[in-house]
Amino acid sequence: MTRAYDALMPLPKAELHLHIEGTLEPELAFELAARNGVTLPYATTDELREAYRFEDLQSFLDLYYALMAVLRTERDFEDLADAYLARAAAQGVRHAEIFFDPQAHLARGVAMDTVVEGLWRALARGRADHGVSTRLIMCFLRDESAESALATLELAEPHLDRITGIGLDSAEVGHPPAKFREVYEAAAALGLRRVAHAGEEGPPEYITEALDVLGVERVDHGLRCMEDPALVARLVRERIPLTLCPLSNVRLRAVDTLAGHPLPAMLDAGLLCTVNSDDPAYFGGYADDNFDAVRRELGLTDERLRELARNSFLASFLEDDEEWRARCLAEVEAYEFR
Ligand SMILES: [Zn+2]
């Protein structure tokens with residue numbers, strides 16, 4: 001991907017909506033498959049890259065879960081996270097809050113320990129190796145049961161020094177947030193931060209429910225809030241951040257075209273929007289590729305881009321490192337667009 005507005009130094013930003021499993025590029029998938037003796041149903045990386053050009057949610061999910069088979073050992077998860085951090089740093093990312101889906105790995109017989117400790121080996125070195133600070137957010141699959149989410153939280157308890165918060169992802173419709181009330185209450189009692197995907201394909205009521213029943217501090221996607229003016233007013237009043245993923249929205253058909261994305265209207269409404277990459281290996285770009293796409297397709301001004309970058313740090317869970325947040329915010333303010 002090329003950056004038209006500044007190929008030398010991208011705008012500093014935080015990435016707040018990023019599924020680590022969604023950063024698996026075809027080349028690394030083949031490398032890990034070879035290392036682990038896993039046979040992929042594709043002959044070459046080109047053939048696999050062609051499969052990444054899926055047209056709907058189901059074919060995306062089929063490919064996504066099929067490729068996870070190559071992730072077996074701590075080293076695999078470490079390599080995955082390290083490859084992401086290198087790409088993120090090149091895109092101006094200074095802080096990344098990274099989702100992972102333990103249930104998808106537990107179901108394949110890969111232990112919580114392997115996943116968390118493997119990711120952590122790379123994330124703990126993120127600042128030293130790549131200039132990127134990191135936090136880890138454990139997501140529950142909302143199409144799995146509430147009991148499974150609770151059991152997953154229990155398994156994670158020995159690793160809570162590595163995990164900052166919890167989230168909720170996967171197929172939204174038919175799985176309202178309230179289903180997960182109990183596990184969110186338990187997580188809150190453990191001192192974990194809380195986010196959830198809501199209002200991507202699901203209705204605005206799911207956003208309200210995520211706020212009221214789950215106590216989320218940040219809403220992932222949330223773009224369908226625009227259908228409910230009272231909800232927009234509340235999100236503005238309570239300064240609830242939304243983690244938007246424009247290129248993902250186009251690929252998964254949450255919007256028809258990027259030019260029709262509600263981001264400008266959301267910023268005009270005073271919403272605390274951020275721009276993120278979701279599953280970048282599959283959706284056509286990393287953090288700065290998303291910034292560049294909205295700049296081009298939505299005509300966002302430099303100051304609007306700066307606002308998005310500023311919001312990303314304001315919305316970050318950096319309360320335990322305000323010094324770093326202030327330094328990143330100062331970089332955003334000092335940034336010179338060319
Ligand atoms: Zn997501």
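Backbone N, Cα and C atoms are what each Cβ position is placed from, and that goes for glycine too.
What TrEMBL says about this protein:
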type: DOMAIN; residues: 12-323; note: domain 'Adenosine deaminase'
type: BINDING; residues: HIS17, HIS19, HIS197, ASP278; note: Zn(2+) binding site
type: SITE; residues: HIS221; note: site 'Important for catalytic activity'
type: BINDING; residues: ASP279; note: substrate binding site
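When pLDDT is averaged over the domain 'Adenosine deaminase' (12-323), the result is 96. Here the binding-site residues are ASP278, ASP279, and the one ringed by the most other CB atoms within 10 angstroms is ASP278. Checking the recorded positions HIS221, ASP278, ASP279 for a CB within less than 6 Å of any atom of ligand 1 leaves ASP278, listed in sequence order. Neighbours of the residue listed as 'substrate binding site' among the recorded positions HIS19, HIS197, HIS221, defined as a Cα within 10 Å of its Cα, are HIS19. The distance from the Cα of ASP278 (Zn(2+) binding site) to the Cα of HIS221 (site 'Important for catalytic activity') comes to 9 Å. Apart from the site residues HIS17, HIS19, HIS197, ASP278, the chain places the Cβ of LEU18, GLY22, PHE99, ASP169, ASP220, HIS221, THR243, CYS245, SER248, ASN276, ASP279 no farther than 8 Å from the centroid of the site's Cβ atoms, the recorded Zn(2+) location. Cβ-based neighbour count (10 Å, all protein chains) for HIS221 (site 'Important for catalytic activity') stands at 26. Within the same chain, residues at least 6 positions away in sequence whose Cβ sits under 8 Å from that of HIS19 (Zn(2+) binding site) are PHE99, PHE100, ASP101, CYS139, ASP169, ASP278, ASP279.
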